[in-house]
Amino acid sequence: MRHNARCPTYAERAEAARHPPLFGAASLSLLACAIIAAIVLSGALDLYLKWRQAACIAANRAAVPSDFKAVVTIEEHQKAADYTLANIRLGAIQTAFDAIMAVLWLTALLAPLAALIAGILPPGLSRSVALLVAIGAVGAVLGLPFSIARTFWLEAKFGFNRATPGVFALDRIKGLALQLIFAVPLLYGLFWLLAAMPRFWWLAGWAASVLITIGLSVAYPTWIAPLFNQFKPLPDGPIKTRIEALLARCGFESKGLFVMDASKRSSHGNAYFSGFGKAKRIVFFDTLLEKHTDDEILSILAHELGHFKLGHIGQRLAQSAAFTFVIFLVLHWAFSAGGLASQFGLPNDPGVVLIIVLTAMGPILHLAAPLTNWLSRRAEFQADDFARTMVGKDAMISALTRLSRDNLATLTPDRLYALFYYSHPPAPLRVAQLRAA
């Protein structure tokens, strides 16, 4: 009986003996089950936390917290509760859907998709890249109904949405185009490094990712953001004069003060600065300028400047670099170990391994969220205190109160839910901290 499969040479058998797969069939089967179980448990934890948040908000819906009674009516408080509950319901559906899809990808969908692409493209970088692009395209299509529901049902129901279907569609097309423009060359580069530098590709990839992150931060305000919004210089007037005086006091140099036409999509208000060095821009949503007093606008800007003066931007970059380092290290471990993809019945393709590792990292990152959010909340408290020293606590308290009221942010979140999902402290805690200062 003839066999078409080629027998391995002595040298190949010797090399395999020196470097056996880290995961044998039995052990990796357990690991595969553990990954799937972790995905399910992570989804279940998210649903439990959402249930706690909904119960807490419903239980406190009848009364405005005492610190906010003077500025938030019972009708506004209940509308914020209803808005938050609607977000939770839609989010719970999406959580369940995402968990189901993650399991299906690993157990049923990835194998036929990989086989389909393998029948079209020969082995090589293009096959791995095509697989990831295909998965991304499927994910974008499956996520579209949730985006539509959130924009044209939930946000519209509570008076926030101002985007037309044309603006919504154009945003999605531009976003997908940018993802392709950036992702495809990066994936080719990643897989090329993997082939060219088997031992040190992950260090080179990590270093490149840090440099790319910095480069995109510089490019974003000048080249990327204008693709989605119009930015006009802040008009001359009393508020601009006061802002420039505040910038001078803080020693902050920027490329300019701009107003963004956020109102063409939403009535939510915000302000931010972006970029590095001389490319820094301060941006105000037009909706923020419409709704807030000059003192409140100054306090919001002072808070953002606090992040700059206190070194939070560099800290966030360092945290991002550390997080990326861990991901590349885990990827190197998975690629070097061997046997990971085959235990899921999948080909040993770098793209497949990348999908498995990133999917498995999801539950780990979910459990790590309290730590990352704690670091973020600590920075927010510090920035609030900086704003207090610059413009006074009354203006900051007034701004926080108005932002919470206008954006329908709940004033009574569940503590455990906030631990996992609030990168900013709830408004009552921020106001209490400012009043105690």
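Backbone N, Cα and C define each Cβ position, glycine as well.
Feature annotations, reproduced from TrEMBL:
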TRANSMEM  22-45  transmembrane segment
DOMAIN    56-230  domain 'CAAX prenyl protease 1 N-terminal'
TRANSMEM  99-122  transmembrane segment
TRANSMEM  128-154  transmembrane segment
TRANSMEM  175-194  transmembrane segment
TRANSMEM  200-223  transmembrane segment
DOMAIN    234-436  domain 'Peptidase M48'
BINDING   His303, His307, Glu380  Zn(2+) binding site
ACT_SITE  Glu304  active site
TRANSMEM  317-335  transmembrane segment
TRANSMEM  350-369  transmembrane segment
ACT_SITE  Asp384  active site, proton donor
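Annotated features, which come from TrEMBL, shown on the structure.
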residue: His303; record: Zn(2+) binding site; Cβ neighbours (10 Å): 24
residue: Glu304; record: active site; Cβ neighbours (10 Å): 19
residue: His307; record: Zn(2+) binding site; Cβ neighbours (10 Å): 19
residue: Glu380; record: Zn(2+) binding site; Cβ neighbours (10 Å): 21
residue: Asp384; record: active site, proton donor; Cβ neighbours (10 Å): 24
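Neighbours of the Zn(2+) site: apart from His303, His307, Glu380, residues of the same chain with C-beta atoms within 8 angstroms of the site's C-beta centroid are Glu304, Gly306, His312, Ala379, Gln382, Ala383, Asp384, Phe386, Ala387. In this structure the C-alpha atoms belonging to His303 (Zn(2+) binding site) and Asp384 (active site, proton donor) are separated by 6 Å. For the transmembrane segment (317-335), same-chain residues at least 6 beyond its ends with a Cβ under 8 Å from one of its own Cβ atoms are 194, 201-203, 205-206, 209-210, 213-214, 350, 353-354, 356-358, 361, 372, 375. Reduced to three states, the DSSP call for His303 (Zn(2+) binding site) is helix. Here the Cα atom of the residue listed as 'active site' is found 9 Å from that of Asp384 (active site, proton donor). A Cα-Cα distance of 9 Å separates Asp384 (active site, proton donor) from His307 (Zn(2+) binding site).
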